[in-house]
Amino acid sequence: MPISLGNAFIKNFLGKAPDWYKVAIIAFLIINPIVFFLINPFVAGWLLVAEFIFTLAMALKCYPLQPGGLLAIEAIAIGMTSPAQVKHELVANIEVLLLLVFMVAGIYFMKHLLLFIFTKILLGIRSKTLLSLAFCFAAAFLSAFLDALTVIAVVISVAIGFYSIYHKVASGNPIGDHDHTQDDTITELTRDDLENYRAFLRSLLMHAGVGTALGGVTTMVGEPQNLIIADQAGWLFGEFLIRMSPVTLPVFFCGLITCALVEKLKVFGYGAKLPNNVRQILVDFDNEERKTRTNQDVAKLWVQGLIAVWLIVALALHLAAVGLIGLSVIILATAFTGVIEEHSMGKAFEEALPFTALLAVFFSIVAVIIDQELFKPVIDAVLAVEDKGTQLALFYVANGLLSMVSDNVFVGTVYINEVKTALIEGLITREQFDLLAVAINTGTNLPSVATPNGQAAFLFLLTSALAPLIRLSYGRMVIMALPYTIVLAIVGLMGIMFFLEPATASFYDAGWILPHSGDLTPVVSGGH
């Protein structure tokens with residue numbers, strides 16, 4: 001029976017999302033202007049942040065771009081922020097946007113090499129605990145020199161490869177043309193294997209995700225806010241590494257111990273092993289690939305290997321913006337592996353562009369946070385504390401809590417600017433400023449693993465094409481990150497409270513780093 005035009009509009013709104021979800025979004029859109037104009041803009045701002053987090057939490061029901069985008073458009077329309085402020089945020093974060101557009105697409109053209117390497121690792125290491133540690137350590141090591149988003153893009157690319165290989169065989173379809181998002185053709189016997197395999201991949205991805213945070217906090221190139229903090233403090237690569245080490249080294253080792261423990265104890269959704277049937281399929285696939293590999297395929301692997309070397313060197317030496325290095329990877333990889341048709345290249349951009357659009361919406365929410373000064377009460381309260389040791393601990397905690405809610409790049413930037421202003425005005429000494437910069441950097445990087453909105457890499461993982469395939473939801477990510485959140489946050493706080501000041505003093509005595517005088521760079525304007 002045909003439906004009326006009115007019902008058709010309702011049915012089309014947010015498509016297949018549940019009715020209660022559609023009602024919730026419409027309710028948000030009605031409530032926000034009322035709260036903004038009639039009650040309090042500050043309250044309306046926090047309400048908007050909570051609603052946006054809700055859309056992220058429901059990412060498996062509906063991609064957050066549409067509901068989050070509607071909320072952002074309304075916020076701009078009613079004057080919670082301005083298009084100019086949103087543009088300012090996007091311009092300030094152009095490197096992150098370029099990275100998503102080009103680097104993730106560049107990784108797509110290297111997936112044969114990545115699948116080749118990681119298949120060897122996956123099949124070579126039988127112990128799940130050792131395998132988890134390998135993934136966590138590799139992600140941490142790479143994130144210290146590359147960007148965490150790049151590392152996660154690599155891991156996602158590999159995991160989709162592994163998943164689709166098994167799914168094809170389990171569905172009885174030929175390797176060539178197959179839709180790995182449909183489970184209809186899978187028998188009950190293999191369905192159990194599939195569920196176990198999903199749990200196995202989920203745990204590896206979460207270990208790798210936390211690994212990016214463990215490594216990303218240690219160096220000035222690991223996360224975008226690290227660069228901003230290092231720039232404001234006038235630190236170079238070596239000094240940044242040394243100043244962070246009293247906090248980052250204990251955290252790193254405790255993170256690896258946590259990784260091993262959750263696997264051994266099989267808690268928080270960890271501990272799933274690779275099912276034997278799946279292992280056999282991957283072994284058979286690897287053997288088949290080896291037999292059918294032509295010289296042309298070998299040449300492609302060599303080219304991709306050389307491009308991988310170029311990628312690591314270029315990123316470690318900061319030869320260009322990350323996104324531009326990604327563009328060079330696309331050009332080199334396609335030129336030397338013979339991918340020259342436009343439609344073949346288009347597939348590479350499918351994964352990252354929806355997320356790039358979502359991130360643009362995210363930055364418009366950040367613009368609201370800036371214009372409505374949502375974090376100001378917290379910042380003022382912490383700066384008002386007289387005792388230096390308490391101030392350090394509070395800065396770490398406040399940064400950590402706000403980074404769980406908002407983007408850690410934004411939180412780190414806002415805080416370092418406020419502290420820089422306090423230094424210029426003579427409210428704190430240069431020595432205290434350097435210690436606070438460490439507290440801000442570690443505070444934004446470590447506790448923010450608690451939720452996907454804190455870390456861009458986690459958000460990318462949650463909204464990737466892989467998340468629904470392996471049933472990785474917002475809630476599940478929060479639960480799986482919980483043991484890491486507790487350990488990283490507490491060990492980081494202990495480092496700030498007990499190790500940072502004495503260790504920094506001993507670094508000065510040893511001559512590894514020198515105390516800075518009042519030399520300053522100008523404060524970054526706006527939010528970033």
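Any Cβ shown, glycine's included, is placed from N, Cα and C.
Noted in Swiss-Prot for the protein shown:
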- Asp147: site 'Important for antiport activity' (SITE)
- 1-23: topological domain 'Cytoplasmic' (TOPO_DOM)
- 47-95: topological domain 'Periplasmic' (TOPO_DOM)
- 119-129: topological domain 'Cytoplasmic' (TOPO_DOM)
- 164-239: topological domain 'Periplasmic' (TOPO_DOM)
- 263-297: topological domain 'Cytoplasmic' (TOPO_DOM)
- 341-352: topological domain 'Cytoplasmic' (TOPO_DOM)
- 376-389: topological domain 'Periplasmic' (TOPO_DOM)
- 413-477: topological domain 'Cytoplasmic' (TOPO_DOM)
- 501-528: topological domain 'Periplasmic' (TOPO_DOM)
- 24-46: transmembrane segment (TRANSMEM)
- 96-118: transmembrane segment (TRANSMEM)
- 130-163: transmembrane segment (TRANSMEM)
- 240-262: transmembrane segment (TRANSMEM)
- 298-317: transmembrane segment (TRANSMEM)
- 321-340: transmembrane segment (TRANSMEM)
- 353-375: transmembrane segment (TRANSMEM)
- 390-412: transmembrane segment (TRANSMEM)
- 478-500: transmembrane segment (TRANSMEM)
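Within the same chain, the transmembrane segment (298-317) stays apart from the transmembrane segment (390-412): fewer than three Cβ pairs sit under 8 Å, each pair at least 6 residues apart. Note: the topological domain 'Cytoplasmic' (341-352) comprises 9 helix, 0 strand, 3 coil (DSSP; helix = H, G, I, strand = E, B). Ranked by Cβ pairs under 8 Å to the transmembrane segment (321-340), the stretches 24-46, 96-118, 240-262, 353-375, 478-500 are led by 96-118.
Looking at which of 24-46, 390-412, 478-500 has the most CB pairs under 8 Å to the transmembrane segment (240-262), the answer is the stretch 478-500. Taken through DSSP, the topological domain 'Cytoplasmic' (263-297) splits into 23 helix, 0 strand, 12 coil.
Within 10 Å of the C-beta of Asp147 (site 'Important for antiport activity') we count 27 further C-beta atoms, all protein chains included. In the three-state DSSP reading, Asp147 (site 'Important for antiport activity') counts as coil.
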